[in-house]
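S.K.: Take a look at the following structure, please.
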Amino acid sequence: MLRFLVFATLVLYGHSTQDFPETNARVVGGTEAGRNSWPSQISLQYLSGGSWYHTCGGTLIRQNWVMTAAHCVDSPKTFRVVVGDHNLSQNDGTEQYVSVQKIVVHPYWNSNNVAAGYDIALLRLAQSVTLNSYVQLGVLPQEGAILANDSPCYITGWGRTKTNGQLAQTLQQAYLPSVDYAICSSSSYWGSTVKNTMVCAGGDGVHSGCQGDSGGPLHCLVNGKYSVHGVTSFVSKQGCNVSRKPTVFTRVSAYISWINKTIASN
């Protein structure tokens with residue numbers, strides 16, 4: 001039986017801003033996604049006491065590789081990946097369950113300094129999954145691609161629908177338009193906490209990520225196609241849907257070379 005557990009908060013201490021990052025992100029202010037409408041979305045789960053616990057999201061980028069956040073996997077656990085899922089509390093008949101064989105965390109990731117960036121990891125699966133209408137590979141952006149301000153994006157994930165709210169059992173989605181680096185790094189937003197290797201989205205005080213489903217994708221519409229521009233990283237310690245504190249993501253386009261080299265060498 002699948003159980004849920006919200007990870008302990010990882011807080012960046014000693015930073016100059018009062019708005020400390022909280023690296024547990026779930027979808028707030030969203031709606032239930034259409035069944036398997038985001039077929040590259042995965043559920044990352046770990047084993048404890050004979051039960052599997054959903055802990056993070058992620059993106060299937062090869063048939064045997066998943067992209068997620070480094071902070072999701074930087075403590076030793078037995079992990080598995082579930083693809084083709086929609087309702088975590090029941091068997092939809094479309095799921096595939098695969099063990100994680102190897103975890104590659106970015107070498108510069110520092111769990112004590114979330115604002116430094118590099119919150120990205122790749123998971124090699126024990127076997128390749130089967131692609132079908134419920135399971136597809138996420139499309140990654142070109143290396144160095146930068147989103148224009150206010151680009152249409154969606155965050156997806158399982159979990160809390162409001163700060164301190166109940167966990168959602170079905171996949172949620174929320175519209176989060178991108179916020180460019182110049183705005184997001186300004187003093188009235190995130191300031192120096194945000195780096196140019198990150199993507200900001202949302203910040204309207206209504207829709208956001210929130211505790212528990214980091215690692216999942218930010219899907220953005222560019223030239224008529226959705227691609228995964230972000231890996232959910234952190235939100236404000238003040239709350240999930242705080243105005244002018246957009247959800248912050250690892251910018252995937254900053255790590256394309258690292259992704260390709262890691263997969264090729266493993």
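Residue positions begin at 1 at the first shown residue.
In case you wondered, yes, glycine gets a Cβ from its N, Cα and C as well.
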S.K.: If you check Swiss-Prot, which of ASN149, ASN241 turns up marked as N-linked glycosylation site?
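M.R.: With Swiss-Prot as the source, N-linked glycosylation site is noted for ASN241.
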S.K.: Looking at Swiss-Prot, which of CYS200, CYS210 bridges to CYS184 via a disulfide?
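M.R.: Checking Swiss-Prot, the candidate bonded to CYS184 through a disulfide is CYS200.
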S.K.: Under DSSP, is ASN260 (N-linked glycosylation site) helix, strand or coil?
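M.R.: In the DSSP reduction, ASN260 (N-linked glycosylation site) maps to helix.
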